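Only one structure is covered here, and it is reproduced in the block below.
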Amino acid sequence: MTITVVKVEELVAHPAKDQLHGVDYCLNSNPSWPEAIILGFQHYLVMLGTTVIISTTVVPLMGGGNVEKAQVVQSLLFASGINTLLQTIFGTRLPVVIGGSFRFILPALSVAFSNRYSIYINPRDRFRRSMRGIQGALLVASLLPIILGFLGVWRIVVRFLSPLSAVPLVTLVGLGLYQQGFPLLAQCIEVGLPELIILILLSQYIPHLLKSSRVDRYAILLSVALVWAYAAILTAAGAYNNKSPNTQFSCRVDRSGLIGGASWIRFPYPFQWGRPTVNASDVLIMGAAVFVALVESTGTFIAASRYGSATPTPPSVLSRGAAWLGVAMFLDGLWGTTSGSTASVENAGLLALTRVGSRRVVQISAIFMLLFSVVGKFGAVVASIPLPIFGAIYCVLFGYMSSAGLGLLQFCNLNSYRTKFILGFSLFMGLSVPQYFNNYVVTTGRGPVNTPSFWFNNMLLVIFTSPATVAFIIALFLDSTLGRHHSLTRKDSGRHWWGKFRHFDDDPRSEEFYSLPYGLSKYFPSI
């Protein structure tokens, strides 16, 4: 008699992991130098989209032309290069790019549209005057994260974070930028959609077909090269000759104005626009954007630590990163970039796409930023890539950022109704409240808060149009107060997982990933 043994698969949940597995190069490991240089250029290419969008949006409304737009792009690239090096060497030490933030567009335009600049008839004169006002506001407002970071106040705040309250923050840092995804792609669907399709094929399908993981590392470079060439052919063939100005600007490869406006060689320098001016109301509005950038950067730091296969970032390291983010904003004010800094969301997503979390690769990208900020013409050629191509890239990279937040759910008890309420309510309100504020602005031309204090109205508008900030405030409050003394609350929120990283020395791996170089940890200890 034959006995057949049937193997029954045991149903076991996937175990939670302090460090994300499957990463080819973690924070402290490096690919070969040729590969690292190529991947560094890819990081530079990804951050370039936000840089161009910010300058293209803000500079014309300030009165600047193509020359000023190119100079702002160069200045922002130069400051981003310096700030990225400072953050990766002395800040969190995570593989994060520090670049411009969309959250500073409203404060910059608030300064540019101020009545005190309406007396200047010459557009370029008005540009310089308003630029000085933006610089002054940013220089003063940057003191907020510097103080919070170096004095350890931000360390106290983020110690209240648990995996549960971090989920809405990290998730909505990515989802909250949905306007820069498909809506930007759709401005030229015949260019943006092919980029999205080719990028997904190269990064997800072809590696499985070829049994190789190398193709996906260069998916951004390969897809952009193909679609950029395709867009150039359409432009040369006259496909957009009789189209509307908006269509031509979005689809053509020769409408950015950056190549003609850029100098061959130009070194951006501090106070290049003149002496900054300070207005109290501008500082307060800019301060709101600085706070939002600090919150969103904290979420990006958490995601970058996961995709770099590092352990959860200790609060003291996040506070150190906040301080150097403030230094970055101060340098932005010195150079006059129109925008403060934030940890780049798209570059954090690129860590996941390439599975390369190497710090060296990101530092190489900073060298490219510095190089192309000086050699203006060559940098302008790359910066003239049609923006819908970047919109397609954002659809993938912002999605990776959001999934990093959802991945933190592995530390939480999803069968707890307390968990379900905090998670669902904070995510919903994080999307719903900013949508209400944005719709109100579209229909009435102002925010829903209408007090006699213009600066107060705009401060609230800046804060409550940030999905991540709204979700962060709600989730942190609820998680810290709801059922606080219940015996299961700590475990349901996942605090027992992050408890061993609450202080820098609690886990020996923290020193491996986050200790300062050159023996500086002895003089600037993390606690």
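Heads up, the Cβ atoms here are built off N, Cα and C, so glycines get one too.
Curation does not apply to TrEMBL; its annotations are automatic.
From a predicted model like this one, the values you see are computed outputs, not experimental measurements.
Counting residues 6+ beyond its ends, the transmembrane segment (41-61) has Cβ neighbours under 8 Å at 68-69, 72-73, 76-77, 80, 97, 99-102, 104-105, 108-109, 112-113, 127, 180, 218, 220-221, 224, 256, 258, 338-339, 344, 346-347, 350, 354, 361-362, 364-365, 368-369, 372, 382-383, 385, 387, 390, 393-394, 397 in the same chain. Per TrEMBL, the feature transmembrane segment maps to 41-61 (among others).
The transmembrane segment annotation in TrEMBL covers 73-90 (among others).
Long-range contacts of the transmembrane segment (96-115) within the same chain: residues 43, 47, 50-51, 53-54, 57-58, 61-63, 76, 80, 83-84, 86-88, 130, 133-134, 137-138, 177, 180, 279, 282, 285-286, 288-289, 292-293, 296, 300-301, 304, 325, 328, 337-344, 347-348, 362, 365-366, 458, 461-462, 465-466, each at least 6 residues beyond the stretch ends and with a Cβ under 8 Å from a Cβ of the stretch. The feature transmembrane segment is assigned by TrEMBL to 96-115 (among others).
Cβ atoms under 8 Å from those of the transmembrane segment (136-154) belong to residues 104, 107, 111, 276-279, 282-283, 285-287, 289-291, 294, 298, 315-316, 318-327, 329-330, 332-334, 340, 527 of the same chain, restricted to positions at least 6 beyond its ends. For 136-154 (among others), the entry in TrEMBL reads transmembrane segment.
The transmembrane segment annotation in TrEMBL covers 185-206 (among others). Beyond the transmembrane segment (185-206), the same-chain residues lying 6 or more positions past its ends with a Cβ under 8 Å from any Cβ of the stretch are 215-216, 218-220, 222-224, 226-227, 230-231, 234, 246-247, 250-251, 353, 386-389, 391-393, 395-396.
Summarising the annotation, TrEMBL assigns transmembrane segment to 218-240 (among others). Proximity of distant same-chain residues to the transmembrane segment (218-240), defined by a Cβ-Cβ separation under 8 Å and at least 6 residues beyond the stretch ends, is recorded for 38-39, 41-42, 45-46, 190-191, 194-195, 198-199, 202-203, 247-248, 251-254, 350, 353, 385-386, 389, 393.
What TrEMBL records for 283-302 (among others) is transmembrane segment. Outside the transmembrane segment (283-302), and at least 6 residues removed from its termini, the chain residues within Cβ reach (under 8 Å) are 92, 94, 96, 101, 103-104, 106-107, 110-111, 134, 136-138, 140-142, 144-145, 148, 154, 158, 166, 169-170, 172-173, 176, 312-313, 318, 321-322, 325-326, 329, 340-345, 348, 401, 404-405, 408, 455-456, 458-460, 462-463, 466, 468-469, 472.
Look at TrEMBL and you will find 361-383 (among others) tagged as transmembrane segment. Sequence-distant contacts of the transmembrane segment (361-383) (same chain, six or more residues past either end, CB-CB distance under 8 Å): 25, 30-31, 36-37, 39-45, 47-48, 51-52, 70, 73-75, 77-78, 80-82, 84-85, 88-89, 95-97, 256, 258-259, 261-268, 347.
Residues or ranges marked as transmembrane segment in TrEMBL: 389-409 (among others). A Cβ distance under 8 Å defines the sequence-distant neighbours of the transmembrane segment (389-409), meaning residues of its chain 6+ beyond its ends; these are 20, 46, 48-50, 52-53, 163-164, 166-175, 177-178, 180-187, 191-193, 195-196, 199-200, 203, 220, 224, 227-228, 231, 299-300, 302-303, 306-307, 345-350, 352-353, 423, 494.
According to TrEMBL, the feature transmembrane segment maps to 421-438 (among others).
Taken from TrEMBL, the feature transmembrane segment covers 458-478 (among others).
Residues 164-165, 167-168, 171-172, 175-176, 409, 412, 447-448, 461, 464-468, 470-471, 474-475, 478-479, 482 of the same chain lie 6+ residues outside the transmembrane segment (421-438) yet bring a C-beta within less than 8 angstroms of a C-beta in it.
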